[in-house]
Each structure stands twice: as structure tokens, then as C-alpha cells.
Amino acid sequence: GKSEEPNCACDQFRCGNGKCIPEAWKCNNMDECGDSSDEEICAKEANPPTATAFQPCAYNQFQCLSRFTKVYTCLAESLKCDGNIDCLDLGDEIDCDVPTCGQWLKYFYGTFNSPNYPDFYPPGSNCTWLIDTGDHRKVILCFTDFKLDGTGYGDYVKIYDGLEENPHKLLRVLTAFDSHAPLTVVSSSGQIRVHFCADKVNAARGFNATYQVDGFCLPWEIPCGGNWGCYTEQQRCDGYWHCPNGRDEINCTMCQKEEFPCSRNGVCYPRSDRCNYQNHCPNGSDEKNCFFCQPGNFHCKNNRCVFESWVCDSQDDCGDGSDEENCPVIVPTRVITAAVIGSLICGLLLVIALGCTCKLYSLRMFERRSFETQLSRVEAELLRREAPPSYGQLIAQGLIPPVEDFPVCSPNQASVLENLRLAVRSQLGFTSVRLPMAGRSSNIWNRIFNFARSRHSGSLALVSADGDEVVPSQSTSREPERNHTHRSLFSVESDDTDTENERRDTAGASGGVAAPLPQKVPPTTAVEATVGACASSSTQSARGGHADNGRDVTSVEPPSVSPARHQLTSALSRMTQGLRWVRFTLGRSSSVSQNQSPLRQLDNGVSGREDDDDVEMLIPVSDGSSDFDVNDCSRPLLDLASDQGQGLRQPYSATNPGVRPSNRDGPCERCGIVHTAQIPDTCLEVTLKNETSDDEALLLC
């Protein structure tokens, strides 16, 4: 296969592909042209010759199985290694000598081309060109003509940035699909490596390339000005911008000033219509080779311009996909809409499922209630029954007999305690003392008034509101006297006491007054006997002391004590013993944890703990005008001096340390006079002598 010839000799035949063959080869059932054009014009009716009729080939021919006729034929030696496959077994293109190609180029500019250009390059060509300009500036490589074999990917041209064949510095790969001109490749340095490789099947015209250092022009080119490149005389006023500034297309004869021709046919356009993505030229030359774009347009990598609104719209408008590169990931609106609708549907299904579940549950419960049995109703009635009253309430109401060691406090007893507290507060004027009792504050009053426990039975002796609860054998004629005695002792001007007295006479919860319960009367203990003896001796000592001092003291002779008064005195005596026991218990318990007792802290104005559950404790002291014997209760119930000695008595008087001031509010219970600073209370000194005996009697309990 030679290159195309304008004309063939008179004794030759011109093939359809431009190839010339001898006239004798025409219509010989062999494809010498390569495109079967020498056999298509023949109108032979006879069958092609068989292999048995094949004649030997001449010396300047070779035997080959034709690719077109599928029969053996004789081909000329000139068809071997011509780049065209004539034999079916590729025998005419095998073991061909490859011409030497490639060159080392060291100038600022130059040209190179493929082997046999503009003829077909030999099959299997393998050439390498090394361009080293010796300058650090870029090298511009331009392919003015490029045509490779289009039968496959076998023929290619690889361009590297530098002289080494480094895959990481590969600038571009050109194949038969890039068969258009011009093609421009720019390196980052002054060195480029160009490698051309062709397969052994078929061939093409090849390529022609030029190179130059950036800023220099070839001898036959005209500079565009500055670093805008160069153009040739043939490119002048051809309607195609070869210079970015359009210098090769300006001031053309067929256009006015500042206008550019669309082509050589005389149509022109202004600069403002250049590269605005609107074709003003019939051939669209005003939108080709755009180095810059008008405002509002996007410049593509292939030197085209598109609208900026078309960038990142999921459509390739540039043609090379450059308008869709580096776009942010945006979820489409239809995807969001589908997600919202799906969520609503799922929520609706969930609501329906919950509604069905509740409905099934209600139906199930209704069905279960419809099959309710008698036993289930009985169980429900048992579960809904009211809780029975407590054991203490039954004992207080008199429905059941009391049990030993079971603490019982009836409403009448509670009223007695309240009367005691109110009477001491209103008549005697003692300040209430708040004792922080921590965990024992809830039952301190029960311990005070239930202290006198029977040694034999172990039950507590309760303070009764009525005298007949203690001694049921007393006659009814003494009832007014007892009531009078109580009124004189507890003369409290409050409605609560009257209401409480009236309530004791009213009917109980069961429709009447509760029947009196049998109470165990404890025998006279050693403590009571000792307290009585101490009281009588204290009275005699007090009288003797007054006589020695020579003071005019009016003695009050106590009247004879009736049995009712004796009972009340016994009750108050037991209450006094209970208060003393509390004092003793508090002093003993506090001595383990701290050196100073809670009573000493109270006397010094220091409280042990700021607890919310404090007990308000009153210190009752009977008045001297009482009409019964109070000798047993002459000492203060919480006498701090008996436990702490004389050291605790000093804070009571700042002027006279040796005399203990009387904190009484009224006449003395022993002598009947009002003690002041001029009239010292000598009764207290007599009381101090009996403190030791009282403490010993208290320890017997």
C-alpha cells in the first residue's frame, strides 16, 4: 500500500482506495486493491477457480489466502509490509522490519512527525521523541495534523511531563478517537517526552507536531502579542480565533473597525457578541475557541462558554463534563418529598396499629368480665373490704380487755396531759423547754406518764382522768369533791379544757359512755414511800429554819387530806417521778457522747441539735395556795443543780453568788410568802439537803 497518487500509469488500474495495481491483476479473482474494487467491476459468471486449479506464482509474487475471496492467490511482493492486511492469515504483515524513528530535540522550537508522513506509517512502529529546551519555562506542543488507525485502541501517542516515562506525570494519551486538529498540550517545565506506538494491523496517515517555548513563535508564525501565542498567515481573518485577544481576526478588510468576521464570506459581529453562548455567526465561529467568556457565563475546559445557571444542574452542557465537576452533593427535592410522605404513612400505620391494639384489649377485658364467676366476685369484695380497727383503738373503746405490756392511751388520758401542760403554762408561767430528742421525740410523753411500771405484771400505771378508774370502790358522794379538786388545780381559762370536760361526759363512738375497764392498782413502791418520808422531813426542816432566822413567817397548816386528794397527790407524785427519771436518763445518755448534758446546755442557752422533731417539755410546780399536801413535789422536777453541783448555780445570780435566786412566780409552796432579793428563799437550801436521798430513791426504780 502506497500513498495516494494523483494519477496512475496507463498500464495500471486505479483502485477505489487510490491504490494503483497492474492492469493484468484486474478480474483475476484476487483482491490486490485491498478493498476488492479490482474484482467488483468484473462480471464473471463462471465459478472461481478451485485450489486444485491454482497455478504456481512467479518469482516476484507470493502465495496467500485472500481475505476477501477466501481462496489461494498470488500477490506481488510489494504488498508485503505495506500496512494493509491482504492475507487471511496475516502472512503479508508478519515479520516486517520496523523503520527506526525518534529524536532528541534541544532547541527552543522545532517540528517532528510520524514515520513516512504524509504516507501511512509502518505497522508496529514504536518511536520516542525527547524534547529538552534547556529553559525552565513551559513547552507548548501543538499537533497540526493527527490521524491514527481507527480499527481499535492499538495505535496511541503518550505525552509525559519530563524526560522519564513516569505514569504519575502522564499529561495526555491520544488515540484514533482524537483524530482532529489542532491539539495542544502544555508542560509544566522545559522538558517533554512523546511516545508513539502502532500495532501490526493496518496503518494511517500519522501526525505532524510543532513545539516551542512559551513566549516564542516559530519562524513562519506571527506573534499575537505578549504571551498570547502565535498564528500563521493562513489563519489570518479565517473566522477562527487563534489568538486569545483576537488579533488574528481584527481589522479584516470585509468588516468594520472593532468587528470580527464569521468566515471569509463577509459576515461580521461585534466584540460584545463573542463567547456569550449565543450564536451570531451561521457557522458558530463566534462561540469557538473561547479563551474568555462574557459576564454571566461559565468557561469550560474545552474553551466553550455556557450559562452560569447551567452549572451543577446534573446535565453536561460543556460537552466535556467540566460544568458538573466539584459540585456539592444536594439531595433532590423529590427524594425529600418521598421521605416525608413515607414517614407520614409509617406514622399513620403506627397509629392504626395502636388503635387496633387498644380496641382488642378493651374487647378482651369486656369478654373477661362477661365470664366473671361467683368466686371472682367474692375475691373482689374481700379486696375492697375496709381495714379493721387497730388493736389499740379496740382497747380504748372498751370492746376488748387490755393486754399486758400493750401501750394504751385513751382520749381521756390525752385530755389530762393537755390540761397539765396548759395549767402549768398559764398559772405558773414557766417557760417551755424544747429538748432535741432525735428518734425518741415521738414517745417521750408516754415514757414520762407511763414510768411507774408494775414489777409483777410489767404494765405501765396510767394517769387516769377520773378517780374511779384507779379506785373503782369509791363512793359516788365524793365525786363533787374530786371535781372541785381538779378544777382548783387546773383552772385554765380556755375553751379547750371545757370542751374536753364536756366531751368526757358525752356518749362514745359506740352509742354511749364506754364502760370502765378494770385497771391493775400497783402496790406502793419503795420510791413512793421514800418520797413521802422526804416530803415530811423537808417540811419540818423548813419550819425550824424559819424560826432560827427570827423572820416573821406565817405558817400555813395543811388541812386534813381526803382519800380523793390522796389519789390525786399519788398521781402527781408518779408524774414527778417520771419527769425525774427522764432527767436521769438524759443525763446518763449524754455523758457517754459528750461531757456536758443536754440540761446543762439548755441552762447555758445552747441547744444540742436543731432538730425538727423537738419535744416541748413543761416543768410544772404546784402553787403554794393549794388545798392539799404537795410536800412530795416540793423540789423542781428538773433540778439541774443536783446533777452538776454548785458550779451550775452561779449563773442564776450575778449580784449574790452565794444565794440561789428563786424563779417562782407567786408565793412559796412551803412557807406561803413571796421571796424577793431582800427575803431569800431558804426553802431551797433545805431541799438541797434531801437531794441525795431523792436520787437514791430514784435509783431504786
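Backbone N, Cα and C atoms are what each Cβ position is placed from, and that goes for glycine too.
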Disulphide partner cysteine [Swiss-Prot] for Cys312, chosen from Cys293, Cys300, Cys305, Cys327 = Cys327
Inquiry  = With respect to Swiss-Prot, which of the residues Asn251, Asn690 bears the note N-linked glycosylation site?
reply    = Asn251
Query = Of Asn283, Asn483, which one does Swiss-Prot label N-linked glycosylation site?
reply = Asn283
Request  = Quick one: which of Cys8, Cys33, Cys42, Cys57 does Swiss-Prot link to Cys20 by a disulfide?
outcome  = Cys8
Query = Pick from Cys293, Cys300: which cysteine does Swiss-Prot list as forming a disulfide with Cys318?
reply = Cys300
Ask   = According to Swiss-Prot, which candidate among Cys33, Cys87, Cys96, Cys101 shares a disulfide with Cys64?
value = Cys87
Query = For Cys255, which disulfide partner does Swiss-Prot record out of Cys243, Cys262, Cys268?
reply = Cys268
Message = Just to verify a number: CA distance, Cys20 (disulfide bond) to Cys27 (disulfide bond), in angstrom, no decimals.
response = 14
Query = How do the residues of the domain 'LDL-receptor class A 4' (254-291) split into helix, strand and coil according to DSSP?
reply = 6 helix, 6 strand, 26 coil
Ask   = List, by number or range, the same-chain residues at least 6 past the transmembrane segment (335-355) whose CB is under 8 A from its CB atoms?
value = none
Task = Measure from the CA atom of Cys305 (disulfide bond) to the CA atom of Cys290 (disulfide bond) and give the result in Å, rounded to a whole number.
result = 7
Candidate disulfide-bonded residues Cys42, Cys217, Cys268, pick with smallest Cα gap to Cys237 (disulfide bond) = Cys268
Request  = Please name the residue among the disulfide-bonded residues Cys230, Cys237, Cys300 whose C-beta has the most neighbouring C-beta atoms within 10 angstroms.
outcome  = Cys230
Note = Long-range Cβ list for Cys96 (disulfide bond), cut-off under 8 Å, min separation 6+ in sequence, same chain only, gives Lys80, Cys81, Pro122, Pro123, Gly124, Lys200
Remark   = For Cys255 (disulfide bond), the nonlocal same-chain Cβ neighbours (under 8 Å, six or more residues apart) come out as Pro261, Gly266, Cys268
